[in-house]
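The structure under discussion appears below in the form of structure tokens.
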Amino acid sequence: MARNQQLRVLQALDVARTQLYHFMAIVIAGMGFFTDAYDLFTISLVADLIDHRYYPDGQRGDYLPVLINAVSLCGTVPGQLVFGWLGDKMGRKRIYGVTLLLMIFCSLASGFTFGKSTNKSVVTTLCFFRFWLGFSIGGDYPLSATIMSEYASKRTRGAFMAAVFAMQGFGNVAAGLVGTITSAAFVNSSQDKIDYVWRIVLMFGAIPALLTYYWRMKMPETARYTALIAKDAKMAASDMSAVLHMPIVPEDDGVNELASQDQYGLFSSEFLRRHGLHLLSTAVCWFVLDVTFYSLNMFMKDIFTKVRLLDIDDDLLKVYCQMASPPVAPGYHKSDNPFKRTIRITGVHTAIAAACTLPGYFFAVAFIDRIGRVKIQLLGFTMMTVFQLCLAIPYPKWLECNRNKYGFAVLYGFTFFFANFGPNTTTFILPAELFPARLRSTCHGISGAVGKIGAVVGVFAFHLLRNQFRTLLFVLVGCNLVGIMFTLLLPETMGKSLEEITGETEEGQTLDDEATTVNADDGIHVVPV
């Protein structure tokens, strides 16, 4: 087999028509992202209840919301690196189950407390399990992306990967709905029932992950790992024959020849020559995107409090109204019922997620294989810049109490629409396409880990600039501009096979998109698209 030829089993995958197994893979991998988003964003919704229950006198200081929001994000960083590396060394499927089990355990454990339920024990226990929950969530990113990219055909790969990632939007909506329903169920209860609400909301995240564990374990290993990394041609052919419902003859000679080719390592001079700029660009783009995405998402409550879409403490209300031009008098007071306040917080969160976040994901699924990854990423960063400038430049006007708050919410929502119909989706897709199979999961993990460092930076940046939100918005605009510059360094991957993208086969040496030659003896069959 010549160096530029592709294995038949991989050719068959690249031109396969859309089948049931594609949709099953989307659901199985997507439910992991549903759980990921639910677990990462639900904590910001119940933080107000935890604060109210364990720090009733307001003696918590400023560290609590930052701590409980940042700790799971901190866990995702080593999780991406460790599980991404293990996915290349031990197999995508084998490690995939480990991340899900850890996710289930830590979601349930987040609702328990070691020792007496004092503020110190509750926060310590919560942070401990939230860190390891983040660790498991981090591992799900490179594994889900790699598995879906290696299963999908080249014509629909972008849409299928975007569909997996879109489950994050449904998880975001579910976080708001579960928080609202649970709080409403206890709305007439005494405040000592607060413990039930936040624990139920956090523990609910284990249910969707638990429901998909069996099916995740039934998925066969991807053919690209089995053939190109494990060098098991018979197993790759057998697995994909069952998946595609067609006979595929093993190609031992082809696999052996691939094994004899130059297998450059991570960060070797050859890797840096071929993929160094790709890795730098995907990592930087993910970093600057997450600075914006997580700071604006996880502190939505605080931001909408400033523009009075939500009620706040009397003292803070006076401060915000004095910041308005001209200063105005506060017009309402904080509700005495923490459950009603949580309902309002989760209601606003759900409205933004349903009206802006989800449609952004849907647009990404619809257009990712028509417009291309790079163009959508450029569009997203550009439009995020425009809308954030619309928020930042006239910011004093937004602070005028009881006025302009709905206009602020609309512009804020459009920022999330173009984040999802833009870099939030494409930064997930591109690292799973640009690197060779033996380094794919690792490089995706590196890019994602740098991205989650950006998320942690965003959380602390919001904390430091919480009284200078206009300044923070201009900082986020700068992040978007950096994202635009590095996006221009990335190649377009739309419509190409993974081996063609990574240089493992030359352009034009993969199968035609319409069909392959029918020959029952050698196992090549017509594969309509």
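In case you wondered, yes, glycine gets a Cβ from its N, Cα and C as well.
In TrEMBL, annotation is done automatically, which means it is predicted and not curated.
The annotation domain 'Major facilitator superfamily (MFS) profile' is assigned in TrEMBL to 25-495. For 20-43, 63-83, 95-115, 159-184, 196-215, 343-364, 376-395, 407-430, 442-465, 471-490, the entry in TrEMBL reads transmembrane segment.
Contact between the transmembrane segment (343-364) and the transmembrane segment (159-184) is supported: at least 3 Cβ pairs lie under 8 Å, counting only residues 6 or more apart in sequence. The transmembrane segment (159-184) and the transmembrane segment (196-215) are in contact, since at least 3 Cβ pairs between them lie under 8 Å (pairs 6 or more apart in sequence). Sequence-distant residue pairs (6 or more apart) of the transmembrane segment (95-115) and the transmembrane segment (376-395) include fewer than 3 whose Cβ atoms are under 8 Å, leaving the two stretches without contact. The transmembrane segment (376-395) makes no contact with the transmembrane segment (196-215): fewer than 3 of their CB pairs lie within 8 A, with pairs spaced 6 or more apart in sequence.
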